[in-house]
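Annotated in Swiss-Prot:
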MOD_RES   MET1  N-acetylmethionine
MOD_RES   ASP2  N-acetylaspartate
MOD_RES   MET44  methionine (R)-sulfoxide
MOD_RES   MET47  methionine (R)-sulfoxide
MOD_RES   HIS73  tele-methylhistidine
MOD_RES   LYS84  N6-methyllysine
Amino acid sequence: MDDDIAALVVDNGSGMCKAGFAGDDAPRAVFPSIVGRPRHQGVMVGMGQKDSYVGDEAQSKRGILTLKYPIEHGIVTNWDDMEKIWHHTFYNELRVAPEERPVLLTEAPLNPKANREKMTQIMFETFNTPAMYVAIQAVLSLYASGRTTGIVMDSGDGVTHTVPIYEGYALPHAILRLDLAGRDLTDYLMKILTERGYSFTTTAEREIVRDIKEKLCYVALDFEQEMATAASSSSLEKSYELPDGQVITIGNERFRCPEALFQPSFLGMESCGIHETTFNSIMKCDVDIRKDLYANTVLSGGTTMYPGIADRMQKEITALAPSTMKIKIIAPPERKYSVWIGGSILASLSTFQQMWISKQEYDESGPSIVHRKCF
């Protein structure tokens, strides 16, 4: 597709928004899904202070702002802020006119129907797009890995789900969703760092902890053994310099934090860990296709970026599955963006072009058309 008419692909995650042009191999714009509003009254006249900041600008001024994420657990909870993020995406990041190009949006599986109707409505009525489509995130990740059958364990900032897909169709009865993801791990790390005597409380400090998490955390292959190692030596300790120059040391927190993915009881949650959820999802599928799912377990999303997570998944699922089963965990290096990459592939396929919901169809049937045309 030509860049001047290439479709726009926007993957609105709970934590990061990824946007760019169909046919590209990576998103052009990646920025935090944050809207910040000033905490204090502006006193300097002529400073050109705004009443809200989006994305990186909100992040850089976080010391004076209250930061809000309009998407929680993959579901848009604040549409006014969401509109600001889309506006920022089109006009500031990509610098394109949305009324000239089709837009592909993504959504979490098992999202409320009203959510996708509202997305459709805003695209056509506020941004006047000529055509749009809403795709399920996990399905796009599978496309990006070059498969049509497999089970995707997609874990981002707000929600984790396991989606079995057979010959390109998601199997809705077997999709499982776990409201435990990156943001919960950041909160948990804030909590266990407090036990070490470091206090992080504000929305701005939470972003610092998120950075610590991304740079230093990893998944232990054997949690108990790792805890013993951490207790007996300082070999696992790492230091991190805070923005004010203070240096903090972090030890067993490095692997205790992501361990919550496998043991949600750490967060006081009764749900199963990601390994069991994946296994349960496979068990809800027809017995004939399970073998293909075990052999094509694809990890996607930012929360699967921890070193050691693929080996641990392999170990845990092997323990749950029948002993003769061949299990393969696929963790592509670009999995942080695989949803976007899958969207870019999909929107540039010639066979996909008749799948778009056009402005004309929308005008005839209203927002509910999205349920008929997008699955």
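Just so you know, glycine gets a Cβ as well, placed from its N, Cα and C.
Note on LYS84 (N6-methyllysine): other Cβ atoms within 10 Å of its Cβ, all shown chains, come to 17. You'll find the Cα of HIS73 (tele-methylhistidine) roughly 19 Å from the Cα of the residue listed as 'N6-methyllysine'. DSSP assigns the residue listed as 'tele-methylhistidine' to coil, not to a helix or a strand. DSSP assigns LYS84 (N6-methyllysine) to a helix in the three-state reduction. Counting every protein chain shown, the Cβ of HIS73 (tele-methylhistidine) has 20 other Cβ atoms within 10 Å.
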